[in-house]
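Asks: Quick paste from TrEMBL:
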REPEAT    12-50  repeat 'HEAT'
REPEAT    89-127  repeat 'HEAT'
REPEAT    201-239  repeat 'HEAT'
REPEAT    240-278  repeat 'HEAT'
REPEAT    279-316  repeat 'HEAT'
REPEAT    322-360  repeat 'HEAT'
REPEAT    361-399  repeat 'HEAT'
REPEAT    400-438  repeat 'HEAT'
REPEAT    478-516  repeat 'HEAT'
REPEAT    517-555  repeat 'HEAT'
REPEAT    556-585  repeat 'HEAT'
Amino acid sequence: MAGADGDDSLYPIAVLIDELRNEDVQLRLNSIKKLSTIALALGVERTRTELLPFLTDTIYDEDEVLLALAEQLGNFTMLVGGPEYVHCLLPPLESLATVEETVVRDKAVESLRKISQEHSPVDLEVHFEPLVKRLASGDWFTSRTSACGLFSVCYPRVSSTVKAEIRHTSDYDTPMVRRAAASKLGEFAKVLELDYVKSDIISLFTALASDEQDSVRLLAVEACVSIATLLPQEDLETLVMPTLRQAAEDKSWRVRYMVADKFSELQKAVGPEITKNDLVPAFQNLLKDCEAEVRAAAANKVKEFCENLPEDNREQIIMTHILPCVKELVSDTNQHVKSALASVIMGLSTILGKDNTIEHLLPLFLAQLKDECPEVRLNIISNLDCVNEVIGIRQLSQSLLPAIVELAEDAKWRVRLAIIEYMPLLAGQLGVEFFDEKLNALCMAWLIDHVYAIREAATCNLMKLVEKFGAEWAQNTIVPKVLGMANDPNYLHRMTTLFCINALSEACGQEITTKQMLPVVLKMSNDQVANVRFNVAKSLQKIGPVLDSNALQTEVKPVLEKLASDADMDVKYFAQEAISVLALA
């Protein structure tokens, strides 16, 4: 028996080996995904002595199999016996960290970073740090790029001798390695002692920021944020600013784009004084950049940049330096730039206050509301509430509402559709009285639009409005108009009545549904058009759960039974379905 047990316990590894050697990639992938189950079956000792060596020897496979393996090994600590044995996972992960495919290497590095935390300081120096050193001095760039992601996790936990070795373990001879170094430089700087940041990191940062490859220079911009945060104010001017100025005017638009994208973070890192002297002119230039991508990235940051300006002269800086650039961007030739600006420009009203908003910003909002690009118009509409807070509803309605009404009646149905989707938001911002006065009629008109998508969206819009304003409001303003459409000569409009009732019944509640809506639905069961009749059956099924059981039995059931023997097949089908769903049989 003991022998048989032994054979049994070998079974999982045998299956795994068979599947891992199978020609079918999917089978190999499946078995890798089951690794933890297999490791559990084998127990910790055999996982260490058999499974891991086997896996280390078979690292020549399809990338997706290797990717799955790299991910699995990051969660293997307990399966090899806990932190005491975690170093056993290093050999397979070291091999994976050197393969050609970037995503596999990245995943292996991610797993190595994870398990580095589970090493004791002694194991870290004995097992982990030598692995990092081997990767850093490897023959191929693949291993050296992986090493860049590991320096920061072992540096804080090793002795000062080993720290010195780590600081000087670097060979940046290929663009790929320099790219990896630039992307991890900020992270490494954060774990370094300040003196070494100044002596070692700054020189490397300056070199990477002047690299011949723009893909390296743009990653150095990201490191710039971390490094600037670490240095005392007096060192920024000499150690960081020359590099940052150079990056903001780089000949490659991708580097300038990165500066624009990180602008708010850079602004916080360098502080108010440098912002005033250096970053304001740099930001102006980015807003006027010759590349649309750069202008769009800078436009996106306008509100944040203005918010973070020093309060004592914020308004003066915005009015003198930033607003003129913003005015130009409103009529930019590129729609992405205009759209980026439209998504943040409304936020300036809270910073600049009522008078400036009315005088300087409202004309810009109006121009954007009339822009031919729908996204620009939508970005303005969706942020109206911040302007409403500053200048009040009266001013807003005089200035911007006519433009919104114009869009709501636009000849292009997609523009109308977009406005409908923003109606509940607008209603919430403007309040019920204002909405009834100015926009209610529009919402009702959409219900009889000639485009089905508009009618459908208008129905959904009504439901959201009822949720916002309540059942009583619905009963007084919406329901009578909806029910009035039941007598419309156009059968499509009669069907819209049914769709509205379906949407509104739950929001309006039992009483309104039973007393006002149900009689209309029942009456429509005699409609001449089969499409209307089968939609009556569907409506009754939909509103049934809202009704009380008495109404279901005495009013709904007879009508559905009549429809179930209708001459039209579809009417019959939907009536029978409603009967069974509502359990009226």
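Note that Cβ sites are derived from N, Cα and C of the backbone, with glycine treated the same way.
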Asks: Return yes if the repeat 'HEAT' (322-360) and the repeat 'HEAT' (400-438) have at least 3 CB pairs under 8 Å (sequence gap of 6 or more), otherwise no.
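Replies: The repeat 'HEAT' (400-438) and the repeat 'HEAT' (322-360): touching, no.
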Asks: What residues elsewhere in the chain lie close to the repeat 'HEAT' (478-516), defined as a C-beta under 8 angstroms and at least 6 residues from its ends?
Replies: 444, 447-448, 455-456, 459-460, 462-463, 465-467, 471, 523-524, 527, 529, 531-532, 535-536, 538-539, 542-543, 546-548, 551
Asks: From the DSSP assignment alone, can you count helix, strand and coil residues within the repeat 'HEAT' (279-316)?
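Replies: Across the repeat 'HEAT' (279-316), the residues distribute as 30 helix, 0 strand, 8 coil.
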